[in-house]
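Asker: The structure's right below; bear with me while I get my questions together.
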Amino acid sequence: FSRKTWRIFLQVYVIGGDGTMRGAVVIFEEFKRCRLRISITGIPKNLDNDIEIIDKAFGFQTAVESAQ
């Protein structure tokens, strides 16, 4: 996407696990470098439950219940 294209966005939502969240940081750094005023919100969702800042991720409980 070009900088002109990104100007239509005010917010970006990223849904996923720890790898996705690391990617969101890279996107955030690029927005910052380009001085784009776009908010990024990370929504944790994974089966591994390995995202450090939360107790349980969406998807984890479903995986546990399905395995039982």
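Glycine is treated like the rest: Cβ placed from N, Cα and C.
Pulled these features from Swiss-Prot for this protein:
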ACT_SITE  Asp48  active site, proton acceptor
BINDING   Gly17, Asp18, Gly19, Thr20  ATP binding site
BINDING   Asp18  Mg(2+) binding site
SITE      Gly19  site 'Important for substrate specificity'
Asker: Can you tell me the three-state DSSP label for Asp18 (ATP binding site)?
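Answerer: Helix, per DSSP.
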Asker: Determine the most Cβ-crowded residue among the binding-site residues Gly17, Gly19, using a 10 Å radius around each Cβ and all protein chains in the structure.
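Answerer: That would be Gly17, with the highest Cβ count within 10 Å.
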Asker: By a simple count, how many Cβ atoms lie within 10 Å of the Cβ of Asp18 (ATP binding site), its own Cβ left out?
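Answerer: By my count, 14.
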Asker: At a 10 Å cut-off from the C-beta of Thr20 (ATP binding site), count the other C-beta atoms across all protein chains.
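Answerer: Step by step: centre on the Cβ of Thr20 (ATP binding site), count other Cβ atoms within 10 Å, giving 16.
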